[in-house]
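Annotated features in Swiss-Prot:
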BINDING   26-27, K78, 129-131, 180-181, M269, 285-286, 314-317  NADP(+) binding site
BINDING   G181, G183, C186, R189  K(+) binding site
ACT_SITE  C186  active site, thioimidate intermediate
ACT_SITE  T188  active site, proton donor/acceptor
BINDING   D219, G220, G221, G242, G243, G268, M269, S270, R286, A287, S288, E289, G290  GMP binding site
Amino acid sequence: MPRIDADLKLDFKDVLLRPKRSSLKSRAEVDLERTFTFRNSKQTYSGIPIIVANMDTVGTFEMAAVMSQHSMFTAIHKHYSLDDWKLFATNHPECLQNVAVSSGSGQNDLEKMTSILEAVPQVKFICLDVANGYSEHFVEFVKLVRAKFPEHTIMAGNVVTGEMVEELILSGADIIKVGVGPGSVCTTRTKTGVGYPQLSAVIECADSAHGLKGHIISDGGCTCPGDVAKAFGAGADFVMLGGMFSGHTECAGEVFERNGRKLKLFYGMSSDTAMNKHAGGVAEYRASEGKTVEVPYKGDVENTILDILGGLRSTCTYVGAAKLKELSRRATFIRVTQQHNTVFS
């Protein structure tokens, strides 16, 4: 019999953070770096825990080179060849601590990932990425990768509920990607009717992960620096961004003009565009679950990085958190009916 869960679930747009008394004199005093030791790999990582999504428009080597300068992380998309990786490792050895190799859950994916990790042993992060992290096959794949790479830190997802977070952590994953359908170019919710409001998903999944000394990534749903702050406030250890990093010089694809405006393409990894490019088209048994959009060309990503980090520091000063680590402890969310004044939007 169908069941209705009557508990209210909230998204970033449904809340604001309540300001609190603060002893901080300036945003400059806020420390955004975090240090994590991961449950299964036992590896330690230090940096600003914002990750560029492993989408082939934004998760590029060019993006990783800039992100690394800010101690930020990039999940490199899975469509680079072994030779591409070797060239990147030769030209940018300083970036290799701040990138992950991405893989699907197929045999070909595993073989390609293995060859990359053997050729570039400095890379210690693996991102196992499937649209539906609830399949038994994926859980078994995580166990297989953990057995094969016992000292690599494994990110795995995507899921949105605590019981699956726990299962993936106990199967060998260190960091669980949380989010089904919130992305700016994702249409899973409209095509399938499946999803979970991102703020509630993060709060619930963080609680489950932290109880096992695991970690989570809030993946998708951020439209502005304030949403990034809300994700951290909700308990996310890392926040993964795709759309907010789209349209920059460091993104894949050419700049083109339409009606006098400079634009770049940005598309979901389950879109017609991505499947035509990488899988020879959309298989007849499935539907596209992503969209392709033309986004304004924004120039170098440096300004966007500074805007996000500046907003995050400002959030911390408003709630009295001297470190990003303290933000979730200082966060009180209030439900609202309006986010901001829209007169000049």
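Here the Cβ of each residue, glycine as well, is placed from N, Cα and C on the backbone.
Look at C186 (K(+) binding site): DSSP puts it in a strand. In terms of Cα distance, the binding-site residues that sit within 10 Å of D219 (GMP binding site) are G183, chosen from K78, G183, M269. Residues G181, G183, C186, R189 make up the record's K(+) site, and a Cβ search at 8 Å around their centroid adds G179, V180, P182, T187, T188, G195, G220, E289 from the same chain.
Taking a C-beta cut-off of under 8 Å and a sequence gap of six or more, T315 (NADP(+) binding site) has these contacts in its own chain: L17, P225, G226, A229, G233, A321, L327.
Around the residue listed as 'active site, proton donor/acceptor', the same-chain residues six or more apart in sequence whose CB sits under 8 Å from its CB are A131, V180, G181, V194, G195, S270, E289, listed in sequence order. S26 (NADP(+) binding site) sits 30 Å from G243 (GMP binding site), counting Cα to Cα. The number of other Cβ atoms within 10 Å of the Cβ belonging to C186 (K(+) binding site), over all protein chains shown, comes to 25. If you take the C-beta of M269 (NADP(+) binding site) and look for same-chain residues 6 or more apart in sequence within under 8 angstroms, you find M55, D56, G290.
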